[in-house]
Each structure stands twice: as structure tokens, then as C-alpha cells.
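Please find one structure pasted underneath; my questions will follow.
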There are 2 protein chains.
Amino acid sequence: MTILIDRRDLAFLLYELLDVESLCAQPRYAQHDRATFDGVIDAAQRLALDKFLPHAAKLDAQEPHFDGERVHIIDEVKAALDAYIDAGFLSASFDTEYGGLQLPYTVSSAALGIFTAANAGTAGYPFLTAAAANLLRAHGTDAQRRRYMQPMLAGRYFGTMCLSEPQAGSSLGDIRTRAIPQADGRYHLVGSKMWISGGEHELSENIVHLVLARIDGAPAGVKGISLFIVPKFELGADDAPARRNGVRLAGLNHKMGYRGTVNTVLSFGEHEACTGELVGAPNQGLACMFHMMNEARIGVGLAAAMLGQAGYRFSLDYAKSRPQGRPLSAKDPAAPPVMIVEHTDVKRLLLRQKAYVEGGLALCLYCARLVDEQAVTTDPAARDDIGLLLDILTPIAKAWPSEFCLEANKLAIQVLGGYGYTRDYPVERLYRDNRLNPIHEGTNGIQALDLLGRKVTMRNGAAFRLLVARIQRDIAAADAPELGEFASDLRNALETVVQVTMQLASTAASGKVELFLANATAYLEMLGHVVVAWLWLQQARCAQSALATAQGEDASFYEGKLRAARYFFRYELPQAARHADLLRRLDDTCMTMPVSAF
Amino acid sequence: MTILIDRRDLAFLLYELLDVESLCAQPRYAQHDRATFDGVIDAAQRLALDKFLPHAAKLDAQEPHFDGERVHIIDEVKAALDAYIDAGFLSASFDTEYGGLQLPYTVSSAALGIFTAANAGTAGYPFLTAAAANLLRAHGTDAQRRRYMQPMLAGRYFGTMCLSEPQAGSSLGDIRTRAIPQADGRYHLVGSKMWISGGEHELSENIVHLVLARIDGAPAGVKGISLFIVPKFELGADDAPARRNGVRLAGLNHKMGYRGTVNTVLSFGEHEACTGELVGAPNQGLACMFHMMNEARIGVGLAAAMLGQAGYRFSLDYAKSRPQGRPLSAKDPAAPPVMIVEHTDVKRLLLRQKAYVEGGLALCLYCARLVDEQAVTTDPAARDDIGLLLDILTPIAKAWPSEFCLEANKLAIQVLGGYGYTRDYPVERLYRDNRLNPIHEGTNGIQALDLLGRKVTMRNGAAFRLLVARIQRDIAAADAPELGEFASDLRNALETVVQVTMQLASTAASGKVELFLANATAYLEMLGHVVVAWLWLQQARCAQSALATAQGEDASFYEGKLRAARYFFRYELPQAARHADLLRRLDDTCMTMPVSAF
């Protein structure tokens, strides 16, 4: 497995489709050019291949374990993370004032995603740390940034996000962890947290837990949740770790995949005092935590697409080198077998993967590009538009790749047949790893409710209308005759989506909320397929225009893009119509199912 | 996990839908009645719960391992198998003359499937043994039956099927294992076999390998393959195991799921002579092996449906007892949470599972019922019809449940959320186990080629026409107004299938074989959905008529059947139209994809 992702495809997405180089004209990114972007991606790929990939299977087989005293993690993880930190990747996505590279988010996402493709388990630790540090950057005080964020960015402390509780997974309004005010302005935390990745280990000097809890007397529900820093070791006067704090490991969760990222149950203040300090204002914890929610959710979609890419590339290489069977028209059983990539049904398995993973990656990087644009756009109306697009695209960017790139991983196994079902090949591990992505960071069911119940209807449908206008603009721009079929299919599908959405909006307006949302998941899949078709149309347009002068491998690459687009439009986009029929009918089959009839 | 499968549903399928009791009017089954059938199923369920289920997770975690000398398997497996053998399940599906119960295949399939739902890994050993014994029953000599089959049915010897080789998985024509004739009429075998389940262990006194190999000088391809008995221990003059034969374990395959069934690479005659005896005529090995192919493939579909059932029942129980969240219309965050089964999107996850697993199980048991009918039908024309129906339905019965009941297992995980992703709950194991079923016993891609390239076109479309006539007959019979929507949808879908099939047949007739088969998988999914819709129509008709007098839980059960049928017709059957469009267009996107463009 020497190819994790297709660098040619990544270059196509970054430079041809999304023109990230144009960001370098902005003062914020003026220090960069394509050479520095490629340098970061090269370095990430090298390190991922050298230090992350080689122990991925071993870490999966020998997952972190708890002996009652300590959590043990195979040595290769620390070695890989030390190299990652030394190479500056932990802070790479931060601004130079924090020691980072001040890269566009699009570029850092693409570069760091390579580590997920190599070894999602090991990559989990620094990703979580960077996310926690980013939260402190945005909402911490200067002192909190100095005492916690800086050692995190230096790789000395690692971070976690502590949201879920055993009785409240998706329902954050029901969390019960208490925060009891102390005389010194700090809090004592008492409670239990579930699904905490990186919650206990000895990979770093300290662990900075960012914990959602209720200050005594706070309002019920999501309006009474505050955010706290709870370090594993409390800091002394010199800001160095001094005393063990009362946060304790209650147990490990043993997962189907992503096994390398230790996943914990933590108890706070059960036997000894557990001290935390408030971040941001009281009762604003969820707002703080969700400030970077778009990025976190795009990150899940990107991880899913990267895992899908890794499986696709691996199964493609396998199919090109595995001889078996003969063309259907070959009669002579003594003729030599062909490589399985020659069989039409194997081509189907590969083309479907390609359509999913390159479509999913394009969507996530498109969203990342919007994040970058938002950061440099000063015109308020333009900024608002970008925000609207991000709001409506984020649940799709999270859910669509996590559904369909998981499907891609399933197909990669099928290409390898029995071999793919063994742990000697990475494809089954990628499939197990990717199964997490439809679940965490808001299940896909919750993404669907967020999309239809909130994003589509918000501000009188402003985000939806803007998205439709953008898609229409790109349909109009796709005026080459070779793109006519795609443009026309997308135009029809989009019209259907608009009609269905108006009908749903009137259902919502009439107060039938349950009925309006009864097929939210079908809505997400419908709009998701239309959005990914839009991304494929854009890719096809780039490829078509580049093909005029391309030669050799480049010409084959663009031809492949056009083929994958054709596959998506013919084999996948028609799914949207099926969902639309269901939504148009306001089908209540699921909603009205009596529990007793199951 | 105290409910493995829904006994009420099984009773509905066996007695209401398929009327297996009517078989008892046949002399062959005259000794049976519903009470004896239920007794067998009760006993299977009890034993599965007592002896198979409790070690399923442990066996998955502590899979068989090879220390260089011996294969170690946790003790619970042998204890479970001893109990299974003692209770008479190993021979249950055989005739009384072989010590069996002479049960209808439909009933024994249903009963034995419960062991798969409980613990697929442990159940693998006796299932393979029974299949190998059945092959000897059909094709062995009296001496072979006495020396090998009888000890297998007594549980003293276990059996394997040795088909694949490392270089030839799906392509059996390319196998290379040599059989060199010896002076005594026996053969020396030399070669290597791959993916051999149960290939080495100490669970039984002996292992009887049934091996495909080429007698020196045999024709190339599938016409030169013969079948051999190769015992682990050669029998002495007293028919007792006497000498170690030259078949050796070359290594274990470590799989994603089905971990409990040891899977091996075997070498024959590498260092010492490996003696085998011919079964059946020379060069007829594949015909012997495939004699019971329909049953083997229906068995795979049934296993997939049973694993799907287990996941569905578990996730349903979980959803009924897990409180979280509130109705969408509830505004008060302090109101108590509801059970998640009340949420529409969770109902969707459950209803979709129900539609897949009960539809898949109905299909497999319907096919098993045809096998039973074939065994007791004496009229040659009627027998021929049954054979035709079985021929065309078998690839669907193998592939459809293995695709869609795997999908059901994916949904079961989603119902449990993060918990479903941990190894503390069985749903992730069921998902990993079920991922095997689209691969083995002929990949689903091969099933699709078999269906369209062979079964649909055979004898001028006789099997296809008969299937269409049967579906039309059931549409006509579904004349209750409540079934009108289903009947009409199925009529339309069937008409589409007929049109598409005629068009494809004319493509085949014009010699464009590659193009004809270019979307064979889409054809299988299209016809598969139509066939399962047909099974749902039949179930709905039974339920509708029973509902008139049903009360209490029974009424809820029938209501559930009608709801699941409605789900299938509205949410699933429309998939067929999408595939039909593709097939009608003779889409060549996959077929003409240049390898260089990937």
C-alpha cells in the first residue's frame, strides 16, 4: 500500500477546481504559493507513509488497553506523533502568531487528511488536540491560551472534547455533569462522560479536557450548559503540571474500528475533587463548542472521503495486478487469464468507488474553500452569503461522504474478494474505521434534521435559494456540448428539488412539523446527490476544458474524470428522483408505524 | 440478547405463507406434523441460546490460532458442537435411513438458521460437515458412504469443501491441484487450496476433505476437474483412522468476521504422499460439487437473512428500552425523554431492517419450499417447472439477502449509535460476519452473470417466463382493496422487467455478449427487488386476510407485516425503475472505461 491518495486528483481539486492559489493574492496568505502548499502536502505524505502507515494494522490488532493502572499504547504511536509534532503538523493549521503555518484551511485539510488515510487511529490524537486548542484560541482568556493552548500546540499537552454522557449521547440538553462554584472562581466538576477519545494515555505530559457541564442552578436543556477546562494534572504557579486532578479513567470502550484512538469513559470528582475553570461565559458552552462545528463536521466528511480514497486506490492497484478469469467472449480455457480490472463488473466496483470518493472529497474541499473565503472576505453581504452556503452544505458534507465513502470501502473489499475479507489487506480495516463516521459528530439522522428542519428553512430559505442559484450558475456555465447531458440532468434534478422543497416548506408553515420532517433522511440523500452531481459537473467542466491540450497520463486523468462524472450522472443521480417522489407524497409510513407493530 | 429471531415471524412464514404442514400429506413427510416441526425449532432455539450464543463474542475475540503444531480453539466450541451432535442436529436434515429426521428442507433450514443467528462461527463446522456428507450421499459409493459419510453424520468426522486455490478464487477452471493415478486405483494429490473453512482443528477424530483436482492429462478448464475424498487420517482395514495423510496446514487466514470458523490454506502432498479417492466419474467433479449448488446458495442467503434478523431484533429491543431525546414538537427541555423507538428516523431504521430481513428470509424459505416440492413431485412437467423456478431464483436468493441484510446490520449499528460501534454489543459482530456473504459461494458479481447470462436466457427464457407467470398469478390473487397499491406497483414493475429483459435478450441474440451483460448486477438488483416485492405482496395478502379475525398481539403482528410491505413498496421497489432505465439504455459506461483512466 504505497499509494494512500491520488496526488494527481488532489492537485486537480486544489488548483484546477478550487483555485486555492488565488488565495495567495490575499494578505493573509501572501507568504504562500503553490510550491509551499505542495511542500506541506509532500511532507505530510512522506511522514504518513514513513511513520503512520507501517503500524496501522498492528495498532488495530493491538489496541490500547488498560491494566487497571495505566493505558498502554504500542510505542510506534508515540514515535509517529513525535515526528508529526517535530515536523510542525500539530500547529500547521494555526496562524503564524501561534507558531502555525497560516495555511488556507483547504490546504491544511487536504494535507492532514493524508494521515487519516494512512492510520486514522494514530491521527486521532493530534487532530483532537488541534481542535481543542482551536477552541481555546477562540474562546479562552489570554492566560488560558498561554497556560493550555500553547503547550498543546507545542505537542506537550494533548486535548479532548468531553460532550456525551452515558445517558445522553445525541441529546446534549440532557447532560448532568455538575459544575459547583468554588470561592476562588474555579469549579468542582462531578459527573461522568462517555465516548471520550484520547481521554487517558501517557503520550503527553498532560491532557486538557474541554468539558460541558451545568453550573448549579443553570436553566434546563441546552441553555444551561457551560464549558470548562479540566486538566489531567492541575498546573502549579510556574504553569507546569503539578497535581493529579480528580478526573479518572472509568473504563475503555472497545470499538469495531478506529481502534488506535483510545476511547474512554471518564469520571469527574467521584473520589477526589476535580477542578475546572470556565471557558467563555456561563451557559454559553454549547455556543462555544459549536462555534467550530462547521469545520468539525466538514472534517468528519473529509476523513470519510480519505478513508474511501485509501480503499479505492488500494483496490485499484490490486485489480491491476491480480490475474483471474477471462473476457466473457473468450472460449479457450487454456488462454492466459486477464487482470481482473479488465472485467466489466470490476470496473463497475472501481468506477462507483471513484465517483463516491472523488465526489465526496470535492464536496468537503469545496466547503473548506468556503471557510477560507469567509476568513478573507470583508464585504458583509458576500461574507453572509458564504456563511449561508456553509450552513446548508455542512450537514451534507458530514453525512454524504460518511454514507457513500463507507459504501466505497465495502466495494473495495469486494474487488479483493476473499482476500479483502482478511486482515492481511487494509481494506477491511478501512471499512471498519469508516463505519464510525455516520455516527459521531452528530449522527446522520441528526444531520438530516439539521438540514431540513433548520438550514433549508432558515431566514425564509435564504441559504437554500443561494445554493440553488449557485448550482444554476454552474449549469449555465457548462455550455460545452460534451457536458450537455450532465447539465440537463442536473437542471431537471434541481427543479425537482426546488418543487419538493417548496411543498415541504408549506407543510412546515402549516404546523405539521413531524410530517414535514418525517423523511428528512431521504431529503438529505436527495439534496446530497444533487450537490455531489453539481461538484461532478464542475469537475467535468474543468476536465473537459483541460483535455483540449492535455497529453499522455494527463489526458487519461481528465478522461477518467469525465467517465466518473458520467457514471455519477447515469448510475447515481437518478436516486434523487426516488427520494423526491417519497417527499412529494409526504409519506408517513415510518412516522405512523405503531411501536407494537414492530 | 435473548431474542435471536422472531418466532412469530418464523411461524407466519412456515405455516401461513408457505403452508409447510401440507407437505405432511406426502408419504415422505407423513411422520411429521406442525408439532414435530415446532419441536425441532424449539430445541434449536434452546440449544442456540444455551450453548452457541454465550461464547459468540468470546470466540470472535479469541479466534482459532495456530502455534506451529496445533490449531487451538476455545473449549466452548467443542462443548457446543458435542451438544449439537447429541441433540441430533448434524444429521437432522438427512433421511431416516441415514439416521436423520427426514424433515422438509424448509423446516430444517429455518431451525438450523437459528444457530447462525446465535453464533455463525461455531455453526460453521457442522454445516460444512453436513454439506460434505450430503455430497457423499449423492455421489459416493456404498463403501465411501459407510467409511466417510456415516462417521460424519455421527459427528465423529468433520468435513470440508476444497475448491479455491490461491491463484484461482472465482475461476475454478484454473485450478491446478494434480491427482496422479496410483496402481491401487487411488490418487496422489499435489497442490494447494485456499479459503478452506474447518481445514484443520482437533474438534473431531478425522477431517474429510472433498477436493477438486485435475487427473493428469485431463482437459483444460472446468471440463477436466474431478472430485476426491482426502481424509486427514487415512483409514485402516478396520475403517478407523490409522495414518496421517499428506494434507497439511500451510497457514490460517485471519478474517474480519466469521472468525470462529477456522479458515485455512492447505497443502497437499508437499512433503509426503497425500492419498485421495475419486468420487463419481473422472472429470465430473464440478458437476458433483454443483449438484447441491442451489441448496448451498440458498443457504448463504438464509445465513445472511438470519444474521440480519439477529441484528434487527437486537436493535429493536434496544430502541424500545433506551430513553433519549423528545418528540420534535416537544418544547420543554425538562420533560422526560422518550424511548428512541418513538423517533421517526429510528422507526425508519427499524422498518427498513424489517423489510429487508423478513423479505430476505421469506425469499430463502420460499426457495427451500421449492426444494421440498421438487423432492415429492412426481409429475415430470411440474417437477421441471419447480426446477426452472429454483434455477432462476437461486442467484437472487444468494445475492439479494447478502447485500440487503448486510445493509440491515449496518442500520442496526446506527440504531445503537456509539454503543453499536463497540464490541460490547453484538450488532457490529453481526455486521462483520455478514460481510462474508456477498463474497463466498460465488461472489454477487458472479451470481449476476449466472442470473442474466444463463438462467434468464436458458431454454428460450422458460424459467423467466414461468417466474413472471407466477408473479402475475399472485398479483391477480391480491384482489383485496387494501392490497391494490401493492398489486398495481408490482404489476408496473414487472412489466418494466419484462420489457427490459426482452430488449436484453435481443442484444444477446445479436451476439453483443459483453454489452448484454454489462449491467448484470443492476439486472440482479432490479429483478431481486421485484421478487422480494412479490414475496412481500404474498405476505401482505396472508396478513390482510388473517387480520380480519386477529386480536391483540396477533393483530399487531399482521399490522406490522402490512406496514413493512408498504415500506418496501414505497421506499424500496422504486429502485427497480432506476436499474431498468440503465439496462434499457444498454449503458456501456463501465464496460468501455479504459483502465488507464482510473
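Placed from the backbone N, Cα and C atoms, the Cβ positions cover glycine too.
Bear in mind that TrEMBL entries carry predicted annotations, made automatically and left uncurated.
Since this is a predicted model, take the numbers as computed values, not measurements.
Taken from TrEMBL, the feature domain 'Acyl-CoA dehydrogenase/oxidase N-terminal' covers A:41-155. Marked as domain 'Acyl-CoA oxidase/dehydrogenase middle' by TrEMBL: A:161-268. The annotation domain 'Acyl-CoA dehydrogenase/oxidase C-terminal' is assigned in TrEMBL to A:283-450. What TrEMBL records for A:468-594 is domain 'Acetyl-CoA dehydrogenase-like C-terminal'.
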What are the helix, strand and coil residue counts for the domain 'Acetyl-CoA dehydrogenase-like C-terminal' (A:468-594) according to DSSP?
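The composition, in the requested order, is 102 helix, 0 strand, 25 coil.
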Determine the mean pLDDT over the domain 'Acyl-CoA dehydrogenase/oxidase N-terminal' (A:41-155), rounding to the nearest whole number.
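Averaged over the domain 'Acyl-CoA dehydrogenase/oxidase N-terminal' (A:41-155), per-residue pLDDT gives 97.
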Please list, for the domain 'Acyl-CoA oxidase/dehydrogenase middle' (A:161-268), how many residues fall into helix, strand and coil according to DSSP.
7 helix, 56 strand, 45 coil
What are the DSSP helix, strand and coil residue counts for the domain 'Acyl-CoA dehydrogenase/oxidase N-terminal' (A:41-155)?
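The counts are 83 helix, 4 strand, 28 coil.
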